[in-house]
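Structure first, then comments.
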Amino acid sequence: CRMAAPGKVAAFRLPPLPTIGEIIKLYRLKAQKQLSQNFLLDLRLTDKIVKHAGNLKNAHVCEVGPGPGGITRSILSAGVEQLLLIEKDARFIPGLQLLSEAAPGKVHIVHGDILTYKMEKAFPKHLKKSWEDEPPGIHIIGNLPFSVSTPLIIKWLENVSKKDGPFIYGRTQMTLTFQKEVAERLTANPGGKQRSRLSIMSQHLCTVENCFVIPGEAFVPKPEVDVAVVHFTPLVQPKIEQPFELVEKVVRSVFQFRRKYCFRGLETLFPESGRLKRTEQLMMTANVDPTLRPFQLSMSQFRNLCNTYRKMCDEDPSLFVYNYREELKEKKTRRLLKSTEETEKENE
């Protein structure tokens, strides 16, 4: 800590450490392509990512996949109270322990997979806030491997919907990296060419902000795409007040045939017998034009569709468990069996 003026809290400063490049050489770290690893060595960029997370002074932060520790240094320099590091790749642990020793009592390292780690026990109970209050002093930050970014954000959006996992503490904020194209999907407006299932699932639960783009050449090794930093703040009131599974089923169905009219995708919510009649009923009650393309639908139209579908499921509980793809598989199996039987008869 450097000396502070009387009455002021001393700002935390890391002692002199090897550079990230030196850490990589020291521990012979090499980004693994199969894990879609890319290192960010420029501390000005890691500082910028952390700045977009908001005020981290005395906050509790979880960093996902810290790797060689570039963003980790920027987080510690922001004056956090506690930093939890979750790293799946054991090769990075020694370098992270070096950082832990440089910030005594501040860093806790977990060698594990963020997709299975129990985040509901990650932070002290006294940090919990009511959902209606301001977000708690808890942040999730991460330069995510491309292979895990989409399944992870879907998992966390489900946690937001159910107010569990890292959101058991309140409206925990997240600042994460994604491929530029994925970030554009997360933030796309109705009518935009990137509007997708991801747009609806994220925006109905969170305020989603595309902060800035990092060119691919800033990473080692250089990925084929640029990377964007996205900030999420859960909404007090979701825009679609239905269970996560129901919203996801409706939204997934709509975008199943992206280039066709939305009517075509919504048909897949219903069994073949009575499909046309029920789809017409759904669209008429929800007041949605059947000739709109999926990416043209507004959030309020998705809300109407989900609310109407929920009523239809309440009237007929077998509807929600119906699976269009399962029905297709069964039909295909029946056709194959019939064809085999016919061939056998011809042979006889």
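Glycine too: its Cβ is placed from the backbone N, Cα and C atoms.
Record features, source TrEMBL:
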- ASN38, LEU40, GLY65, GLU87, ASP113, ASN143: S-adenosyl-L-methionine binding site (BINDING)
- 45-236: domain 'Ribosomal RNA adenine methylase transferase N-terminal' (DOMAIN)
>> Give me the count of other Cβ atoms within 10 A of the Cβ belonging to LEU40 (S-adenosyl-L-methionine binding site).
In response: 21
> Out of ASN38, ASN143, which of the binding-site residues is least crowded by other Cβ atoms within 10 Å?
Replying inline: ASN38
>> Averaging the per-residue pLDDT over the domain 'Ribosomal RNA adenine methylase transferase N-terminal' (45-236), what integer do you get?
In response: 95
>> Under 8 Å between C-beta atoms and at least six apart in sequence, can you list the same-chain neighbours of GLU87 (S-adenosyl-L-methionine binding site), or say none if there are none?
In response: GLY65, PRO66, GLY67, ILE93, LEU96, ILE109, VAL110, HIS111, GLY112
>> Which one is it: of the binding-site residues GLY65, ASP113, which Cβ has the fewest other Cβ atoms within 10 Å in this structure?
In response: ASP113
